[in-house]
Amino acid sequence: MLRFSTTCHVYQLQHRVEKWSKCSIITPDVVSSSFFPSKKMRFLQLLTLLSLLVVIVTPISATFYTNISSIPPLHLLNATRSAWETFEKLTGCHVGDKADGLSKLKQYFSRFGYIPAAVDNFTDDFDDVLQSAISTYQKNFNLKVTGKLDASTLGQIVKPRCGNPDMIDGTTSEMNAGKKLRTVARYSFFPGKPQWPKRNRDLSYAFVPLNNLTEEVKQVFARAFTRWADVTPLNFTRSESILRADIVIGFFAGDHGDGEPFDGPMGTLAHASSPPTGMFHLDGDEDWLISGEDVSRQILPVTTSVVDLESVAVHEIGHLLGLGHSSVEDAIMYPAISGGHRKVELAKDDIEGIQHLYGDGGSNRRSETSGGAEFWRGLVFSLSSIATCILLICC
């Protein structure tokens, strides 16, 4: 078992890429006629620097197990079942009922997009709004549509899952834009179908330094990125600097400043932003397995509260590249995963979705300009850093 302490929350980190690019003096396409940035650029550059320095010290920890034998027996026996296990007492509720806990269930559905954001006055009444949310949820997860809280529906609800919503503004995917409350038939995209620009097919990623992750943990993420690189023209390279990286990965717990708080073990496992923000957060309260073993196959029929790190990483990288959730259970982009279960192989649905955005490619290709892109990226960073230092000295 490896246990690491995390000691910071970095606010506004998700905007560093856009702000830094605006502050750059030189880009691969445009060379400024002046060495010094304009007043606006100076302000943005200083704001970028300050945003990276604003931290709140909050001790948390992330636990990593190197193999199944290192997992405590209580964790294998699922001592922590689910952050939402109290919902199970609502089995059988239907329209017209009033039951303690229905308001929290409405908050759950609101968080994942099944109840419009405009609705925020949640009561313990089983009303038409909740019935509609349940029916849509049942459609998305290929359950029998009853509008009631039957056992199979609640069994799906309490499963650990991705923190990203399944629906946004009542729409499940860009493919079905404008058709409200429609089932996700397969892969989906974020609204507007965002993707990394064609000029940036060589993406870099970095880890929040204060996580102090071992090389063994970092290699799990490297394997996860490779799975997407194998079917696209994208390349992924690890960077040691969060300032230079397109994607920043970190473990956090509870409310960590991005408006999407984690909720403890076996609830939301992680969440990631759409391109080109590059924000990837994982729940530090989970017990993560990094060995690549499928615990669920070895301890059946007992479930476990240990989570396979690579399975979650592959899923969240799909979000970072522009994919939404899929209703295909075998797909990587399916929102939920049971404790101990390992799912890392891209399904046909995942491949079709990502190639719709970027085209095909594969690990056998490498951009001939990747070296040049790295040179320009380094030059931009160096000159911007020099300008920032001069700015601070002059001020």
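Using the three backbone atoms N, Cα and C, a Cβ is placed for every residue, glycine included.
TrEMBL annotations: computationally assigned, not manually curated.
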TrEMBL annotation, Zn(2+) 2 site containing C162, H315, H319, H325 - matching residue among M279, M333: M333
Motif 'Cysteine switch' range according to TrEMBL, out of 160-184, 360-384: 160-184
Rounded Cα-Cα span from D246 (Ca(2+) 2 binding site) to E286 (Ca(2+) 3 binding site), Å: 25
Sparsest Cβ surroundings (other CB atoms within 10 Å) among the binding-site residues D246, D283, E286: D246
DSSP state at D246 (Ca(2+) 2 binding site), helix/strand/coil: coil
Rounded inter-Cα distance in Å - D283 (Ca(2+) 3 binding site), D246 (Ca(2+) 2 binding site): 21
Cβ-Cβ neighbours of G264 (Ca(2+) 3 binding site) (radius 10 Å): 15
CB-centroid shell, 8 A cutoff, Ca(2+) 3 site D263, G264, D283, E286, site residues removed: A83, A253, F262, P265, M266, G267, T268, L269, G284, D285
